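Undergrad: Have a look at the structure that comes next, please.
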Amino acid sequence: MSALMRTSLSRLPRPTAATSKRWLNLHEYQSAAIMASHGVNVPPGIAATSVADAVAAAKELGGDEVVIKSQILAGGRGLGTFTNGFQGGVHVIDSAKTAEYAEKMIGATLVTKQSGAEGKPVNVVMVAEKMNLVNEMYFAILLDRAFGGPVVVACAEGGTSIEDLAESSPEKIIKVPIDVVAGLTDANAEAIVAGLGVSGDKEAAKKQIASLYEVFKSCDCTMVEVNPLAEDDQGTLIAADAKIGFDDNAAFRQKDIFAQRDESQEDPRDVAAEKWDLNYIGLDGSIGCMVNGAGLAMATMDIIQMHGGSPANFLDVGGSATKEQIVEAFKIITSDSNVKALLVNIFGGIMKCDVIAEGIVAGVKEVGLEIPLVVRLEGTNVELGKKIIDESGLNITSADDLDDAAKKAVAVI
């Protein structure tokens, strides 16, 4: 492998916040329903997609006060700001004010520390019963590569940023590795309950920890996070928040869970790329890249960077892309307004250069491409591929090799 291909990713533009999806995440109301089905105590709550639904939910819950929570796939909701100026994505309110708050939240965009500057759309709010919580803790089950299995992370202080707490008071956080063969043992549960500082019924608390681990195991989770995991005034342990991530490799046996995916929370480019079986990661540069093979794609981005440019994406069309996939790849790349030039770099082995050329010509025509396009083809049927491009009559710049292609792409920006 060349030195260029080993170049650290830290030199490349950062992936955009919206394109970092690697596994399924569900909304809080969906996660809470899954937890409840496994015996975890959760506050009564109802999802609402309209102001009328939110008002009806508050009435059904019946209390003088309710908690209204924006449902987005990003943390930091409570301290977030809506683009309409409304502050906070989570509020404890008088039930009579439900309509007032829901109107400001549903259909608006919430920006948090974790959402990216563009924020996330709030299409659903959860109206939940206000619980009298007296002791808030932090609980999570994560996959730990160093241990080679699940690890419970727990802290007697919760309800705030665990990252901040880990930095200021790391000694307060405990980590309990779980053997995947033996499962959660009684000793594991006792250590976790002790680390949480549970003041109520310890045995009941251990059962709740076991139920949370059962969610993690039986639902093929990559993460189960509860912040806060809290005790009410009766000493009952309650999952006052719920965040669950799932392993995409388990989609075939978790069909009901994966059917709940909310594509409105994802970058449309990611959704389109997945639909067409393209490997796409958005970056914040200005030169769009279409390449076949992950290694060649990395080398292409490195050489663009070396010549003073900045790649706008990683897009690998794979080794057997069709003409239709190439056209869709063009659409995905050019949907990014930051892209000022496009570089296609194909080494044809299984992938034939004439198929790529036909896709390029069709893509340029269908998209109505107005930005400069540089194409480097090499490999199987390369002469036929170049002929198709030359005879297309389109404004396409040909390159002799990768270095030449990168220089030309950088020069036209």
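The backbone N, Cα and C atoms fix where each Cβ goes, and this holds for glycine too.
Heads up, here are the entries from TrEMBL:
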| type | residues | note |
| --- | --- | --- |
| DOMAIN | 32-257 | domain 'ATP-grasp' |
| BINDING | LYS69, GLY76, ARG77, GLY78, GLU136 | ATP binding site |
| BINDING | ASN227, ASP241 | Mg(2+) binding site |
| BINDING | ASN292, GLY349, ILE350, MET351 | substrate binding site |
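Have a look at these and tell me how they're positioned relative to everything else.
TA: With a cut-off of 8 Å between CB atoms and residues at least 6 apart in sequence, the same chain places GLY88, GLY89, VAL90 near GLY78 (ATP binding site), listed in sequence order.
Neighbour list (ASP241 (Mg(2+) binding site), Cβ cut-off 8 Å, at least 6 residues apart, same chain): GLU28, GLU225, VAL226, ASN227, PRO228.
Here the Cβ of ASN292 (substrate binding site) has 24 other Cβ atoms within 10 Å, regardless of which shown protein chain they belong to.
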Undergrad: Looking only at LYS69, ARG77, which of these binding-site residues has the biggest number of Cβ atoms within 10 Å around its Cβ?
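TA: Comparing the binding-site residues LYS69, ARG77, the most crowded Cβ belongs to LYS69.
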Undergrad: Over all pairs within ASN292, GLY349, ILE350, MET351, the annotated substrate binders, what is the largest Cα to Cα distance, rounded to whole Å?
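TA: This binding site's residues have a maximal Cα-Cα distance of 10 Å.
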Undergrad: Inside 10 Å of the Cβ of GLY76 (ATP binding site), count up the other Cβ atoms and send me the figure.
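TA: That number is 16.
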Undergrad: Within 10 Å of its Cβ, which one of these binding-site residues (ILE350, MET351) has the largest number of other Cβ atoms?
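TA: Buried the deepest by this measure is MET351.
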Undergrad: Given a separation of at least six residues and a C-beta threshold under 8 Å, show me what packs close to GLU136 (ATP binding site) in the same chain.
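TA: Set apart from GLU136 (ATP binding site) by at least 6 residues yet with Cβ under 8 Å, we have GLU157, GLY158, GLY159, PRO228, LEU229, ALA230, ALA240.
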Undergrad: The domain 'ATP-grasp' (32-257): mean pLDDT?
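TA: Here the predicted model's pLDDT, averaged over the domain 'ATP-grasp' (32-257), is 95.
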